[in-house]
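Below: one structure, written as structure tokens.
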């Protein structure tokens with residue numbers, strides 16, 4: 001077995017382990033953040049400052065009975081959370097999380113694969129996760145799950161169009177689909193960040209990413225007041241945990257991608273080293289998603305579609321046209 005294959009396998013294992021652990025810890029952070037905004041304490045009983053709440057929740061999920069409803073399609077019911085997990089982690093393959101570094105005289109590239117269509121690969125594989133809520137809702141033999149599945153189809157497909165069109169303008173400026181090349185394009189300093197050259201693209205992509213991540217205010221797929229838990233209604237135990245671990249993995253992936261594409265990625269930020277800089281940027285966008293959840297109410301499905309097709313899509317197309325004109329001039 002070649003050294004490249006061994007190195008890639010080790011990277012995959014580290015990536016899955018690290019982001020699985022971060023996904024579990026993010027549940028604690030989010031509960032603490034929401035509690036702060038709502039003037040509560042949040043988790044505080046299990047361990048110091050409630051830090052062991054993550055371990056307690058993990059043990060609970062692993063030991064809960066795995067229930068499959070009568071009349072459900074067992075194979076598809078089991079396959080859906082696996083698709084969610086696989087799409088979340090595979091989409092991370094082209095993301096350069098840190099700058100290259102040397103370990104024991106061997107240069108390490110902290111990404112799985114530097115493919116020349118990395119950004120497109122990230123969006124395409126990540127969007128394959130849409131099949132998870134669709135299949136989960138169809139296989140559950142439950143009307144609330146079915147409604148959540150229908151909402152997933154409408155919402156995720158609609159915003160996939162917007163997010164794809166939105167990234168075209170920044171890619172026209174950079175001239176490459178590689179996330180590594182996009183990062184290097186902004187290496188000149190603070191003013192080279194694409195957020196200053198493409199502010200509209202940043203805002204549109206951020207909103208579209210919240211819709212694709214099923215984050216508030218776009219969490220129509222599992223709106224508790226309307227459809228119980230949506231496509232997850234019949235899930236319990238480990239399968240239920242896999243859905244939400246995939247959701248947090250997607251959140252971390254989008255946070256890193258937004259940091260790389262619009263905010264200089266892992267380039268040094270003044271006196272702050274690049275590796276620490278990208279962690280600060282990605283951490284801010286994870287926190288921002290929690291802040292938005294605590295601040296904004298849910299939107300109705302018709303409001304969501306109106307915003308997508310009547311506002312965001314025309315703005316994305318207008319941004320492409322204006323960017324093309326500026327490049328030609």
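The backbone N, Cα and C atoms fix where each Cβ goes, glycine too.
Annotated transmembrane segment per Swiss-Prot: 9-29, 42-62, 75-95, 117-137, 154-174, 188-208, 238-258, 269-291, 309-329, in sequence order.
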- Message: Suppose I define contact as three or more CB-CB distances under 8 A, residues 6 or more apart in sequence; do the transmembrane segment (117-137) and the transmembrane segment (9-29) meet it?
- Response: no
- Non-local residues, at least 6 beyond the ends, that sit with Cβ under 8 Å of the transmembrane segment (42-62): 24-25, 27-28, 31-32, 34-36, 237-238, 240-241
- Message: Applying the under-8 angstroms CB criterion, which one of 9-29, 75-95, 154-174, 269-291, 309-329 scores highest with the transmembrane segment (188-208)?
- Response: 154-174
- Okay, the transmembrane segment (9-29) and the transmembrane segment (75-95): do they have at least three CB pairs under 8 Å, pairs separated by 6 or more? yes
- Message: With pairs fewer than 6 apart in sequence excluded, do the transmembrane segment (269-291) and the transmembrane segment (238-258) have three or more C-beta pairs that lie under 8 Å?
- Response: yes
- Note on the structure: One stretch in 9-29, 269-291, 309-329 has more Cβ pairs under 8 Å to the transmembrane segment (154-174) than the rest, namely 309-329
